Amino acid sequence: MATAYQNLSEYDFNSVPDASEMNIGIVVAEWNKNITEKLLEGACNTLEKHGVKPENIVVKRVPGSFELTFGAKRLAETKELDAVIVLGCVVRGDTPHFDYVCSGVTQGITELNLMYDIPFIFGLLTTDTMQQSEDRAGGRYGNKGDEAAVTAIKMVNFSA
């Protein structure tokens, strides 16, 4: 893949719509907290750079990545939000658990996008090593939390 080793967190600031009136929910997994907290920091900083008021960013934590889908659904049901970002990190181990968690979260976020009239943004790192996760949580390949925030803002403004 051509973009596999690029820092995609660099973008044209002016290509992102004003977000000053947006309310954004973020659900972040506590598992691999050293990574997910960096993703959260990146997402919040980027949202604020584009005008989202800190008080309009609702952050909720769930124990692990598999719980992200339920957390996102519950957040969308209980708060008036324009988008929900899910942030997590799953690192491949020696068992098929990685595949089950990644597939479950991917399918769950897809279903939420089809069920609700707001975008649910996939910010789940699915990596083979912890180093790959660190590289994508503020390391040499940027911060995928930043990218999830930009995606959320753009999708709130999406119109067919």
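Even glycines carry a Cβ here, placed using N, Cα and C.
Swiss-Prot annotations:
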type	residues	note
ACT_SITE	HIS97	active site, proton donor
BINDING	TRP31, SER65, PHE66, GLU67, CYS89, VAL90, VAL91, PHE122	5-amino-6-(D-ribitylamino)uracil binding site
BINDING	ASP94, THR95, ARG136	(2S)-2-hydroxy-3-oxobutyl phosphate binding site
Around THR95 ((2S)-2-hydroxy-3-oxobutyl phosphate binding site), how many other CB atoms lie within 10 A of its CB?
8
Near ARG136 ((2S)-2-hydroxy-3-oxobutyl phosphate binding site), how many other Cβ atoms are within 10 Å of its Cβ?
24
Starting from each candidate's C-beta and looking 10 angstroms out, tell me which of the binding-site residues GLU67, ASP94 has the most other C-beta atoms.
GLU67
Looking only at C-alpha atoms, tell me how far ARG136 ((2S)-2-hydroxy-3-oxobutyl phosphate binding site) is from PHE122 (5-amino-6-(D-ribitylamino)uracil binding site), rounded to the nearest Å.
14
Where the record says TRP31, SER65, PHE66, GLU67, CYS89, VAL90, VAL91, PHE122 bind 5-amino-6-(D-ribitylamino)uracil, what is the longest distance in Å from one Cα to another among those residues?
16
For VAL90 (5-amino-6-(D-ribitylamino)uracil binding site): intrachain residues, at least 6 apart, with Cβ closer than 8 Å:
ASN32, SER65, PHE98, VAL101, CYS102, VAL105, LEU124, LEU125, THR126, THR127
Which residues, sitting 6 or more apart from HIS97 (active site, proton donor) on the same chain, put a CB under 8 Å from its CB?
none
Given GLU67 (5-amino-6-(D-ribitylamino)uracil binding site) and THR95 ((2S)-2-hydroxy-3-oxobutyl phosphate binding site), what distance in Å do their CA atoms have, once rounded to a whole number?
19
Tally every other Cβ atom lying within 10 Å of the Cβ atom of TRP31 (5-amino-6-(D-ribitylamino)uracil binding site).
18
Expressed to the nearest Å, what is the distance separating TRP31 (5-amino-6-(D-ribitylamino)uracil binding site) and THR95 ((2S)-2-hydroxy-3-oxobutyl phosphate binding site) at their Cα atoms?
17
What is the one among the binding-site residues CYS89, VAL91 whose Cβ has the most other Cβ atoms less than or equal to 10 Å away?
CYS89
At a 10 Å cut-off from the C-beta of PHE122 (5-amino-6-(D-ribitylamino)uracil binding site), count the other C-beta atoms across all protein chains.
20
